[in-house]
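Asks: Sending over a structure as structure tokens; questions will come in a sec.
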Amino acid sequence: MKDLLLSMLRPFGPSGSEAPISAAIAERIRPFVDEIKTDALGNLIAVRRGKGGKRVMFSAHMDSIGYIVLDADKEGFLRVSNIGGVNPATAAGRHVVFANGVAGVVYSEPLGSDKPAIGKLFIDVGASSAEEALAKVPLGTMAVVAHQWSEMGDLVAAPFMDDRAACAVLAALLEALGPTDNEVCAVFSTQEEVGLRGARAAAYAVNPDIGVAIDVTPAGGVPKADPPLPVRVGQGPAVKVKDAASISTPLVRDGLVAAAGEAGVPFQYEVLPYGGTDAGAIMSARGGVPSGTLSIPCRYVHSPVETVSLTDMENAVKLLKAYVEKIVR
Ligand code: CO
Ligand code: ZN
């Protein structure tokens, strides 16, 4: 699982610029699916055909948070806007890489400010004028934090666990699935971080009987966590009850819990007072789709050190395999 996860963390792919990560995922999953295509929004949709059973759509978003170039000042420092929910408190003092390969560093003004904000961030690409900066990275170019990771026992910390950890789980699920009458539609969705946009379009086209988003969820249990979130890293995948974008359909929520029992893996219930996953878009597609989310507990979500447990990820694969093979009928 570690190697698969790392292969998913490296490729570039902020919202709307997912082609590099999409290509990496397609290459990885191709041997395990019957059909694979990319839609107009860049969603990668892979189908593993069934035999007259239910059509289950899984969605793991490929896009990550990042930056986009707004302007450059006369000294050659770039001003940026955020793509998705970049946390300004953990943004400064990082290496970044742009879509065209240009490297830079992000910092915050005034230097050493204790009131971080996106509007105070700037990116240094070694230019000495606005013209030079914008020649290197034109207006509208996107950037992400440079890949770096730490292994801490069972935990791995890196940028973009949200939601590449789930992309790895979904890829591993396709590989692990045994014979089943149910059709599995694995959607690696785009533009989740800017409003669940890819999954909304994919859910309409796929027209599933059941929808399951796979995403990270903020874990509590870290110093002075507020609000006191119930989920803990390392205590099993989390079955979402509610977030700000969806209240899981009982059929799916209880089915995932039953699958944990079938698979013999631990699970936790998740209640998140904010946030959202692709399930929010899938459940309101067409006439409504029974939907839920299986979450991978993650510390420091939307920071460059998002931290997950490899065991939680492996247990998520086992749970979802049992869900498709034994619970959905
Ligand atoms: Co996110
Ligand atoms: Zn996410």
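Keep in mind that glycine also has a Cβ here, set from the backbone N, Cα and C atoms.
Caution: TrEMBL annotation is automatic and unverified by curators.
From a predicted model like this one, the values you see are computed outputs, not experimental measurements.
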Asks: Quick check: of Asp162, Asp215, Asp226, Asp278, which does TrEMBL put in the same Zn(2+) 2 site as Glu193, His302?
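Replies: Matched candidate out of Asp162, Asp215, Asp226, Asp278, per TrEMBL for Zn(2+) 2 with Glu193, His302: Asp162.
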Asks: For ligand 1, pick out the recorded positions His61, Asp162, Glu192, Asp215 that have a CB under 6 angstroms away from one of its atoms.
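Replies: Cβ < 6 Å from ligand 1, in sequence order: Asp162.
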Asks: Within 10 Å of His61 (Zn(2+) 1 binding site), Cα to Cα, which of the recorded positions Glu192, Glu193, His302 are there?
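Replies: The recorded positions passing the 10 Å Cα test are Glu192, Glu193.
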Asks: Comparing the binding-site residues His61, His302, which residue's C-beta has the most other C-beta atoms within 10 angstroms in this structure?
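Replies: Top count of Cβ atoms within 10 Å goes to His61.
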Asks: Within a 10 Å radius of its Cβ, which of these recorded positions (Asp162, Glu192, Glu193, Asp215) has the fewest neighbouring Cβ atoms?
Replies: Glu193
Asks: May I ask which of the recorded positions Asp162, Glu192, Asp215 is closest to His302 (Zn(2+) 2 binding site) if we compare their C-alpha atoms?
Replies: Asp162
Asks: Under 6 Å from ligand 2 by Cβ, which binding-site residues from Asp162, Asp215, His302?
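Replies: Asp162, Asp215, in sequence order.
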Asks: Residues other than Asp162, Glu193, His302 within 8 Å, Cβ to Cβ centroid, of the Zn(2+) 2 site?
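Replies: Other same-chain residues with Cβ inside the cutoff are Ser64, Ile65, Gly84, Gly85, Asp163, Val216, Val301.
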